[in-house]
Amino acid sequence: MDIPDPGTWPSTVAEAEAVQDRLRPLVVREGELPAPLRTVAGLDVSYGPDDRLAAAVVVLDADTLAPVDRATRVGRAAFGYVPGLFAFRELPALLGALADLRTTPDVLLCDGYGLAHPRRFGLACHLGVLTGLPTIGIAKTPFVGRYEEPGRRRGDWAPLTDGGEVVGRVLRTRDGVRPVYVSVGHRLGLDAACALALRLTPAYRLPETTRRADRLSRDVLAGV
DNA sequence: GCGACAG
DNA sequence: ATCTTGTCGC
């Protein structure tokens, strides 16, 4: 798919935060799922020694969840790990992988947060603004915000709030398993984001998109 | 000031 | 993220 040239990447914390502040106003915090929804893409990155990394994108048929496209990119981490600036670490490689895709996915599912971020501009928002595509963030552990424990059944959820505003949702994707943390990335509202998260978790806690991308990035890093 | 802190 | 054995359960 076509990916616009992001230009140069920041090298300091101050520069990176300035980039987030500059792009944040471009985030569209609402929207319905595209109809018909044809394809969904999952993105993930695996790390190896010496800052080596492998980014992977897997595109699935939204109905059958069968893989229809994939792309990978190996490289080095472009930024140190700083909570809140996580996106700068993986974005270059993820964009590179996306550029190699034959198709343009209808929605991008990111590993991490969107609006549930100290400056309301997590990886999912960043990726959404740069690609122009609808995105959502699904994280495995809490980062910002407070919440009550949701019910234990699949579909149960509780609002994730921070600074007096709802920034996401703690969602139980399977009965009796730890919940995931869903937040809006770009062009999709929270209801749509959670509906998609449930649709992609027919068997496991994490979305099929994320699981496929995770395994692919791992395999690539291992040289498979 | 101190601890916590997506992956 | 990654480093790692065994173990409980379907």
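Glycine is no exception: its Cβ is also placed from the backbone N, Cα and C atoms.
According to TrEMBL, the features are:
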BINDING   A:Asp44, A:Asp111  Mg(2+) binding site
SITE      A:Tyr81  site 'Interaction with target DNA'
Fewest other C-beta atoms within 10 angstroms, as judged across A:Asp44, A:Asp111, which are the binding-site residues: A:Asp111
A:Asp111 (Mg(2+) binding site) and A:Tyr81 (site 'Interaction with target DNA'), Cα-Cα, nearest whole angstrom: 15
Reduced DSSP assignment, A:Tyr81 (site 'Interaction with target DNA'): coil
A:Tyr81 (site 'Interaction with target DNA'), number of other Cβ atoms within 10 Å: 10
